[in-house]
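These come from Swiss-Prot:
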- 9-29: transmembrane segment (TRANSMEM)
- 36-56: transmembrane segment (TRANSMEM)
- 71-91: transmembrane segment (TRANSMEM)
- 109-129: transmembrane segment (TRANSMEM)
- 137-157: transmembrane segment (TRANSMEM)
- 193-215: transmembrane segment (TRANSMEM)
- 257-277: transmembrane segment (TRANSMEM)
- 320-340: transmembrane segment (TRANSMEM)
- 353-375: transmembrane segment (TRANSMEM)
- 429-451: transmembrane segment (TRANSMEM)
Amino acid sequence: MDSQKKLTFPLAVGLFIFMLCIIISCLFLLHVEPHIPLFLSVVMLSAAALWFGFPWKSIEKGIVDGIKNGVQPIIVLALIGILIGAWMYSGAIPTMTVYALSFIEPSHLLLTALFSCMIISTLVGSSLTTVSTIGVALIGVASAAGVPLEWTAGAVICGACFGDKMSPMSDTTNFAAGIGEIPIFEHIRHMMGTTIPALLITVVLFYFLGSSVSADAASTDNIQQVITGIKDAANVTPWALLSPLLVVLLAMKRVSVIPVLTAGIISSGILTAIFVPYSSLQAFMTALQNGTTFETDNEAAAKIINRGGLQSMMGSVSLIMIAFALGGLMEKIGLISALLEGVMKGIRSKGRLVAATVCSSIGVNLATGEQYLSILIPGQSFKSLYDKRNIQRKFLTRSLEDGGTLINPLIPWGVSGAFMASALGVPVIDYIPFTFFLYISPMISILIGFVKK
């Protein structure tokens, strides 16, 4: 921020609320994608910054620096799109889908999705890896079994984000513990206080949702037709699962995400050359670029196996660029710091401090769309207040995870939200009501802050 320019708290609140009104009204009243509303917010905030005396060079630098911070998420999203195309063509996702359709009852699908994604995400410590592997296959199963896709997406995301929050392998778990300067397992143990109640409520809710899914003869016949359609059109072989297995093993070894995804793409290409009889280099590269185009008379099967490719992620890539531009601009003109400074002045109790931490993490998520900033900025800002009031920092780190890690997938322009929507083919606004774990945890965190002394 320019040293001679400083926004006041009321002005920062006004600008922030006005931007949210633009975005929310466009999303819910006009039913448009979030790209242009975010772009309008960038234009509005740039004009306001010029009005308040910020030079254009400073505004431009904030926008450019923000986009620079989004380069890694953009690369990851692009690689995941390519990987899904590779796994579709090689047969990895069709094989997982066929096996799952053969053994999972439709009424049990939601709980199966929840617990299987919990296990994988805890092992690998990454919601993105979990969703791009088993999550995509489970969406295919739901499509064939007649289970609402938004319900299944909710279960997949709840399970995937459980590991993002609780796994010692997770980047965000280690990052939050590092911000609070506390041991990782002390941080994880303390998070049990909000995680276990939220998980139990989530399990109960998905149980009742799953119980409402019928498994009649027509549904069974439809599933068999989908299985036949997939087998006739795509490659179904257990050998294709070696590539997802490699990705999971590398993630468990804590190899960085970009090499992991690249290894998945390369290994899939090798397996395709060996085990896919109809393969050609041209067709494989086309699948990596544009996704698969298998021909089948079964419409449900076609929707499951014709997906992926680099181009499928371009909408999310452009969304993240605009969101990071907005976040960089807000940070450059001091809007975020002005909001946090104003919030901190009104804190008088432990409950208010915990609530302010959670809400600030949510606010930074909304402002920047970036998970790490939603942990870093409130964490650094509130750390001294926890020390001053003799409140253990594990309350800080838990609040950062509940408001930072878990909320990002609920924001259409957030990195995780944009990825989840693209990978699963379900808009964020559609799956939000069913991501119970993600919004129950912050509520419990705030409640405990006021109740537990």
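Just so it is clear, glycine is given a Cβ too, placed from its N, Cα and C backbone atoms.
Contact between the transmembrane segment (71-91) and the transmembrane segment (257-277) is supported: at least 3 Cβ pairs lie under 8 Å, counting only residues 6 or more apart in sequence. Ranked by Cβ pairs under 8 Å to the transmembrane segment (36-56), the stretches 193-215, 257-277, 320-340, 353-375, 429-451 are led by 320-340.
Counting residues 6+ beyond its ends, the transmembrane segment (429-451) has Cβ neighbours under 8 Å at 27-28, 149-151, 153-155, 157-158, 161-162, 165, 193-195, 197-199, 201-202, 205-206, 209, 349-351, 353-355, 358, 362, 395, 398-399, 402-403, 406-407, 409-410, 412, 420-421 in the same chain. For the transmembrane segment (257-277), the neighbouring stretch richest in Cβ pairs under 8 Å, chosen from 9-29, 109-129, 137-157, 193-215, 320-340, is 109-129. Residues 93, 96-97, 100-101, 104, 106, 109-114, 116-117, 127, 130-131, 206, 209, 213-214, 219, 222-223, 226-227, 300-301, 303-305, 409, 420, 424-426, 430-431, 433-436, 438 of the same chain lie 6+ residues outside the transmembrane segment (137-157) yet bring a C-beta within less than 8 angstroms of a C-beta in it. For the transmembrane segment (353-375), the neighbouring stretch richest in Cβ pairs under 8 Å, chosen from 9-29, 109-129, 193-215, is 9-29. Counting Cβ pairs closer than 8 Å to the transmembrane segment (320-340), the top stretch among 9-29, 109-129, 193-215 is 9-29. Within the same chain, residues 36-38, 40-41, 44-45, 48, 326, 334-335, 338-339, 341-342, 345, 363, 366-367, 412-413, 429 sit at least 6 positions outside the transmembrane segment (9-29) and bring their C-beta atoms closer than 8 Å to a C-beta of that stretch.
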